[in-house]
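Now, the feature entries from TrEMBL:
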type: TRANSMEM; residues: 58-78; note: transmembrane segment
type: TRANSMEM; residues: 90-108; note: transmembrane segment
type: TRANSMEM; residues: 139-159; note: transmembrane segment
type: TRANSMEM; residues: 171-195; note: transmembrane segment
type: TRANSMEM; residues: 255-272; note: transmembrane segment
type: TRANSMEM; residues: 306-325; note: transmembrane segment
type: TRANSMEM; residues: 375-394; note: transmembrane segment
type: TRANSMEM; residues: 400-419; note: transmembrane segment
type: TRANSMEM; residues: 455-471; note: transmembrane segment
type: DOMAIN; residues: 496-668; note: domain 'STAS'
type: REGION; residues: 581-608; note: region 'Disordered'
type: COMPBIAS; residues: 595-608; note: compositional bias 'Basic and acidic residues'
């Protein structure tokens, strides 16, 4: 018998087709285009929403927070520009454009955008890597990277592709920031000691080795550097202790520690160097141009260099920024918009490049200060911008005598907050080892190679783990709990041993993932393994020369029976496999192959249940966890249905429970297609009669006594597994009466 169709397969469904759904959505979308367009444009400027609601009582908190961050940002901006191997004024340009432009587009009140340690270090590394020949001026190259980075971020935000950030897990971000932080601290030791000639863009372990070799070249700068670092740490931890002891005003002393230390040591530097301005006794900052440079269009003529450098900068900037935004949104009870944050970050870098800014992103340390200072809205950024402008136009002459070692001390002090604590390692170990491995992978590769390498390797690993989990998901074989009546995993340590299996010949599976092309074959193979382990072979009689060379069904059955014997720990030491019919090559008459005694390991025995397994007659799929089905998934169900029919020697009923309404139409198509000889996604012509294909793939005869034709395929959809099993049993009880009325069904037709 063959599956035949008298016309093309059609599915009459109560649910709309994909074309109908698309047409309806398109119709609704076109109808609301003006409304959606206005909402979209308004959403790009959140300031238009919150500014009219601004309360005057918020002004005090915004003023204090803005001024506090302004005091902190100036020394940090100078230090981070040094980290990026750029003239120091570009750190101020970057911080000014960051706080000002971000305020117009921000959905977070706490975050401050500007020069950061990790991104500045990365900027220095890409300058050394992609502009090693210095064919472009380093400043021009950094500004071009900022321009292109902003364009990419802006495009991602405008097209609402912020979802890509969700593919990068938090342990990866923690790992690369920790690795980068350790590398930055090591890189600043040379500046702290006044040692010259150390390339801080080399991998951290090389920088450490070179610094140790050059300890003999330590200069007077070391006195300033170590004294400044100790002062910063004393301010930090001493003030923290004082706050706990009941002196809350010490919090403000701690927040201004960078400015206080830089003022004190700049005064000392002036005292010992002002008479030898041209040949100072220690390394100092020197002249910083007053005000902003001219506005100009960034030079992106050499895209072959700028584009590759921008890719890593885009990734790191987005990861840092979104991590900061989400952290403070969660901490302070509001939900930032990731897509709009990409727009804000993109505009900041894009427009900032015209004012000479290099790549910027959200700052962990300054955002923490802003949040702790009682900020109430993004308006606080305007006060920070005013402080930076004041510094650029009034304070630049005072920056001349700032010791370079003090900037290194400020970097080390600030970076220490980025390094993850040992408690995080234990937490990741307790929760998920793969998260710990991703964290360590990012840390190690960042430390021993570069931030760029650490990002690519760790992100690649995270995506690979995600794809593996999608391609190799869990599934469950279900049984009904005698205590609760709930269908539970038979391997459940607490409930599985007290559960009752479904009726003989019925298997119940629960898929715990969507049925799509990465995992469809995995599901099918494991379902077939369970079928071989749990049911009797009743397939067609084949000659040896008719079997495919790869047909290992006999071996699989033997292995399954041995495994079952060991599992059951039965009392005898011999296993009797299924009795199978075989037609020998030299004899057309069938003969019964007698049971063969198979020796097994000591302690393995036989049981009559091994020789009286039921034939498979029905399968129930619990789709409660299935959120997607594609054409490969449907084709896999079709192939699985044919394999089950061939193994059982009869048509196997397939029922579905807990199916989401939007998938019923797809599964109705599957149920209809299995009544034909058609494939869902054929890669070769499939109009060949099925009897001309391999004989062991012939579907079984429809004269099986357990078969009752369905009037409506929707009879195979059920609200619960219990209802599905009950329907199977009702059909079984009706089978005998149906056979009396219609003893044989030659074929099932699907009419067009």
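Just so you know, glycine gets a Cβ as well, placed from its N, Cα and C.
Contact between the transmembrane segment (455-471) and the transmembrane segment (139-159) is absent: fewer than three CB pairs lie under 8 Å, with pairs separated by 6 or more positions in sequence. Of the candidate ranges 58-78, 90-108, 306-325, 400-419, 306-325 has the most C-beta pairs within less than 8 angstroms of the transmembrane segment (139-159). Within the same chain, the transmembrane segment (58-78) packs against the transmembrane segment (255-272): three or more Cβ pairs sit under 8 Å, each pair at least 6 residues apart. If one looks beyond the transmembrane segment (171-195) by at least 6 residues along the same chain, the residues whose Cβ comes under 8 Å of a Cβ in the stretch are 82-83, 117-118, 121-122, 203-204, 207-208, 210-211, 214-215, 217-222, 225-226, 229, 282-283, 316, 319-320, 323, 404-405, 407-409, 411-412, 415-416, 418-420, 424, 428, 435-436, 438-447, 451, 454-455, 458-459, 461-462. Long-range contacts of the transmembrane segment (255-272) within its own chain (CB-CB distance under 8 A, at least 6 residues past either end) are made by residues 68, 71-72, 74-76, 224, 227-228, 231-232, 235-236, 239, 280-282, 284, 369, 372-373, 398, 401-403, 406, 409-410, 413-414. Mean pLDDT of the predicted structure over the domain 'STAS' (496-668): 76.
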